[in-house]
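As structure tokens, the structure follows; a few thoughts come after it.
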Amino acid sequence: MYGVWTPEQVQAAEEPVLARTPEGALMRRAAYGAAGVALRMLGERTGGVVGRRVVVLVGAGNNGGDGLWAGVELRRRGAAVTAVLLSPDRAHPAGLAALRAARARVLTEVEPAVTAVGRADLVLDAIVGTSARGGLRDPAPLLVGAADTARVPVLAIDTPSGVDPLVGTVPGDGSAVTAAETVTFGARKPVHVLNRARCGPVTLIDIGLGPELPEPTVRVLDAADVGARWPVPGPTDDKYTQGVVGIAAGSATYPGAAVLASGAAALATSGMVRYAGSAADEVRAAWPEVVATDHVSDAGRVQAWAVGPGLGTDDAGAATLRHVLDAGVPVLADADAITLLGADADLRARAAATTTLVTPHAGEFARLVASLDDPPDPAVDRVTAARRAAAELGVTVLLKGNATVVAAPDGRVLVHPAGSSWLATAGSGDVLSGVAGALLAAGLDPVDAAGCAAFVHARAAELGSAGSPVPASHVQAALSDAIRSVREAV
Ligand SMILES: NC(=O)C1=CN([C@@H]2O[C@H](COP(=O)(O)OP(=O)(O)OC[C@H]3O[C@@H](n4cnc5c(N)ncnc54)[C@H](OP(=O)(O)O)[C@@H]3O)[C@@H](O)[C@H]2O)[C@@H](O)CC1
Ligand SMILES: Nc1ncnc2c1ncn2[C@@H]1O[C@H](COP(=O)(O)OP(=O)(O)O)[C@@H](O)[C@H]1O
Ligand SMILES: [K+]
């Protein structure tokens with residue numbers, strides 16, 4: 001597990017460290033770490049360092065200072081370094097003096113800078129870091145565009161410029177750095193997990209902030225965390241003691257949702273899966289181990305319900321949802337169950353009164369929060385949106401997307417950054433429902449159930465895909481390999 005801190009938290013943590021270290025020492029530590037990553041990237045991509053062309057895009061603040069000092073180190077190692085000053089009057093004075101003394105080229109005009117970027121082996125993005133406000137300012141978009149066009153790899157210093165460090169979105173006209181890699185200092189910031197596509201792999205350099213950091217704003221589970229939490233039957237367990245999950249999903253029109261969710265539940269944990277709904281025949285045919293009936297009222301006892309995929313939003317769907325919310329066990333509500341919750345205050349009150357995990361995509365989230373004052377918008381800030389929905393509705397929220405955000409009513413937040421977008425395929429959410437429902441039935445806390453399900457779901461997509469599209473039934477089929485891989489990581 002690792003933590004993520006807001007720029008504000010990191011800046012506050014830096015203050016006491018700055019006060020007790022010699023002037024400039026912290027920046028030198030950061031820059032030395034950044035240069036190390038740049039040297040590795042040059043080695044991997046060009047087979048050497050000496051004579052390789054590195055262009056540093058230098059902004060007006062301390063992020064630019066980091067870039068200048070990293071340039072000094074790269075110059076010392078024999079690279080041909082060009083610094084492009086985007087605000088020549090405000091470039092970090094000590095860093096600029098050191099780079100000039102190291103006989104680097106310094107440019108302030110746009111035209112030669114664009115040419116230099118296009119010919120570079122590596123660009124260091126030191127335009128702006130944690131104090132970024134708004135979109136990139138001229139002439140930065142031109143230089144960033146030149147690197148993109150020439151496919152020159154960019155190493156983002158601290159954060160990819162043009163991407164909001166706190167919420168991970170790209171404001172303004174959409175110009176921003178897409179980094180091949182990012183090197184950050186002291187602590188990971190939200191952009192690193194909320195917009196992994198812009199950051200690439202992130203290297204964290206220790207600059208001694210550890211003791212000063214408060215509780216992280218967000219946490220990220222790793223494979224070993226998920227493996228350690230995954231339910232494993234013990235010698236005295238039987239099929240009931242491990243938690244029976246009930247799946248209330250599917251309909252005559254959408255039997256596939258029932259088959260995907262029930263099968264995923266059967267693969268996720270040992271024990272027993274019950275199914276209740278009008279797709280009982282299809283579920284039995286695909287998964288003979290699932291105990292299937294036509295209606296939730298005669299399904300038998302379960303330790304958690306997963307309700308919603310393909311359920312329908314008519315009166316029968318609402319009655320099924322009401323039945324499972326009143327069953328006195330944890331409930332996972334997805335898809336049509338979320339639409340029903342959004343439309344009915346009485347159902348929302350019942351959801352708040354039991355342990356409920358809701359798993360909306362963006363459209364379902366909008367319906368779920370429509371009744372709240374000033375409904376939160378994930379397009380503006382995913383973490384705040386999920387956190388507010390959880391707190392105000394009294395349910396745990398798993399907000400789907402490339403970065404999955406899990407928020408509990410008590411304010412805890414997990415993020416799972418996906419390594420690819422292959423999961424954006426019809427029916428994959430049904431697989432997630434089955435996994436998360438099974439984990440709730442096994443007794444996991446809703447935050448753990450959601451976080452572990454999201455991790456294994458994304459891992460199954462990676463294993464099932466290996467670079468090609470992966471239909472939801474193949475994601476389902478790869479669940480066993482995914483679970484094995486996280487258990488092996490413990
Ligand atoms: N504290 C420390 O000791 C350490 C800090 N470290 C490093 O410092 C970084 C933070 O430095 P920082 O606070 O100086 O701000 P920074 O991110 O460089 O940006 C502010 C400047 O950018 C400008 N600007 C703003 N928005 C912009 C935009 N969209 N597009 C273009 N420009 C924009 C803004 O202009 P202004 O608004 O003032 O006109 C201002 O001049 C941090 O990320 C890390 O790299 C490390 O060395 C470790 C030790
Ligand atoms: N761009 C993306 N990158 C990674 N994962 C994604 C992306 N878009 C969606 N997902 C994931 O794919 C799944 C889609 O679920 P959902 O929208 O409910 O699909 P369906 O209703 O068709 O089953 C979710 O787990 C979501 O987090
Ligand atoms: K940057």
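Cβ coordinates come from backbone N, Cα and C, glycine included.
Residues or ranges marked as domain 'YjeF N-terminal' by TrEMBL: 10-215. Annotated (6S)-NADPHX binding site per TrEMBL: 62-66, 129-135, ASP158, ALA257, GLY310, HIS361, ASP430, in sequence order. Feature annotation from TrEMBL assigns K(+) binding site to ASN63, ASP125, SER161. Taken from TrEMBL, the feature domain 'YjeF C-terminal' covers 222-486. Feature annotation from TrEMBL assigns AMP binding site to LYS400, GLY401, ASN402, ALA403, THR404, GLY429.
A map of TrEMBL features onto the structure.
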residue: ASN62; record: (6S)-NADPHX binding site; CB count, 10 Å: 20
residue: ASN63; record: K(+) binding site; CB count, 10 Å: 26
residue: ARG133; record: (6S)-NADPHX binding site; CB count, 10 Å: 8
residue: ASP158; record: (6S)-NADPHX binding site; CB count, 10 Å: 29
residue: SER161; record: K(+) binding site; CB count, 10 Å: 31
residue: LYS400; record: AMP binding site; CB count, 10 Å: 22
residue: GLY401; record: AMP binding site; CB count, 10 Å: 18
residue: ASN402; record: AMP binding site; CB count, 10 Å: 19
residue: THR404; record: AMP binding site; CB count, 10 Å: 25
residue: GLY429; record: AMP binding site; CB count, 10 Å: 23
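Selection of the binding-site residues ASN62, ASN63, ASP125, GLY401, ALA403, THR404 by a Cβ distance under 6 Å from ligand 3 yields, in sequence order, ASN63, ASP125. When the binding-site residues ASN62, ARG133, ASP158, ALA403, GLY429 are screened for a C-alpha within 10 angstroms of the C-alpha of ASP125 (K(+) binding site), the residues that qualify, in sequence order, are ASP158. Mean model confidence for the domain 'YjeF N-terminal' (10-215) is a pLDDT of 97. Among the binding-site residues ASN62, SER161, GLY401, THR404, GLY429, residues whose Cβ is positioned under 6 Å from ligand 2 are identified as GLY401, THR404, GLY429. A 10 Å radius around the C-alpha of GLY401 (AMP binding site) takes in these binding-site residues out of ASN62, ASN63, GLY65, ARG133, ASP158, HIS361, in sequence order: HIS361. Taking THR130, LYS400, GLY401, ALA403, GLY429 as the candidate binding-site residues, the subset whose CB lies under 6 angstroms from any atom of ligand 1 consists of THR130. With respect to SER161 (K(+) binding site), the closest of these binding-site residues in Cα terms is ARG133, chosen from ARG133, HIS361, LYS400, ASN402, THR404.
Between ASP158 ((6S)-NADPHX binding site) and LYS400 (AMP binding site), the C-alpha separation comes to 26 Å. Each of the binding-site residues GLY65, ASP125, THR130, HIS361, ALA403 was scored by the other Cβ atoms within 10 Å of its Cβ; the lowest score goes to HIS361. Rounded to a whole number, the distance between the Cα atoms of THR130 ((6S)-NADPHX binding site) and ASN402 (AMP binding site) is 23 Å.
In the three-state DSSP assignment, the secondary structure recorded for ASP158 ((6S)-NADPHX binding site) is coil. Other residues of the same chain near the AMP site, with their Cβ within 8 Å of the Cβ centroid of LYS400, GLY401, ASN402, ALA403, THR404, GLY429, are HIS361, LEU399, VAL405, HIS416, ALA418, LEU423, ALA454.
The shortest Cα-Cα distance from GLY65 ((6S)-NADPHX binding site) to any of the binding-site residues (LYS400, ALA403, THR404, GLY429) is found for ALA403.
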